[in-house]
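Annotated in TrEMBL:
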- B:5-185: domain 'Ketoreductase' (DOMAIN)
- B:11, B:12, B:13, B:14, B:62, B:63, B:89, B:154, B:155, B:156, B:157, B:158, B:187: NADP(+) binding site (BINDING)
- B:154: active site, proton acceptor (ACT_SITE)
């Protein structure tokens, strides 16, 4: 869990160009991290590549916080 | 002009698609020749490109089948590393008067000519977003603007392509992916040979330039839209129709 979070955090920091301490499990990509819809799509694509999994469109739509992403990855690996 | 760029052209085994594949290859692009059924003709296009010193492969895929489309994009990037230019050209016709058109004929044409563009665009834009650049060129038709009796299915699909082009252009502009459409008029191909003489005569009388277009006329506009010459053009539909519809 912690490991996944660290990896996701690094990707989010790189991709969205935000401060590390803003990237908490509760942080919403759109509301707290200033991502637009396209940024989130790209982020999900990068997570798929990084964790070598395929996230279906209907699941991807449900990912709105950093914690959602971490949980999804942990339960699908 | 397109050195080291990778271009995927759907329905490239003949007609306008074939000409676009040859033209982009002539200008330096590595080309993926997609085809649905005509393997021999697709191979002939690959052979012609290679004999001119270019690089090309052929990939069989039905553009209306999402898994086949995804596999095609994967094979493209595996072979050539990138995907810079997508030309959505694959299309069919099943003409009939509205009153005689079957539901299946309507669905088949929409599936290939409109849904196919959506599926290929979706799969390709994933790669283009990663690259932060790309060109998508959709083949519409002038009848998608003017309407045409006997082609309710085809016209609906081609008008849909124009709307899809505009929406995709708006969604992907932020990632430097330019999306435009070409609306050819009456171009001499296998598809137009099916029309009878009376239909052709009637069409010619509507064309100010008073002649059929050539596949090269369309391919040259595709080259323009694929190249740096069109860096500030997106969301547009360029008619290549001899002035038929204004």
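Including glycine, each Cβ sits where the backbone N, Cα and C put it.
Annotated features, which come from TrEMBL, shown on the structure.
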residue: B:11; record: NADP(+) binding site; DSSP class: coil
residue: B:62; record: NADP(+) binding site; DSSP class: coil
residue: B:89; record: NADP(+) binding site; DSSP class: coil
residue: B:154; record: active site, proton acceptor; DSSP class: helix
residue: B:187; record: NADP(+) binding site; DSSP class: strand
(request) Quick one: among the binding-site residues B:155, B:157, which has the most Cβ atoms sitting within 10 Å of its own Cβ? (result) B:157
(request) Run through the Cβ atoms and count how many others sit within 10 Å of the one on residue B:11 (NADP(+) binding site). (result) 28
(request) Rounded to the nearest Å, what's the C-alpha distance separating residue B:154 (active site, proton acceptor) and residue B:89 (NADP(+) binding site)? Just drop the number here, would you? (result) 13
(request) Rank the binding-site residues B:13, B:62 by the number of other Cβ atoms within 10 Å of each Cβ and report the first-ranked residue. (result) B:13
(request) Averaged across the domain 'Ketoreductase' (B:5-185), what pLDDT does the model get? Just tell me the whole number, please. (result) 97
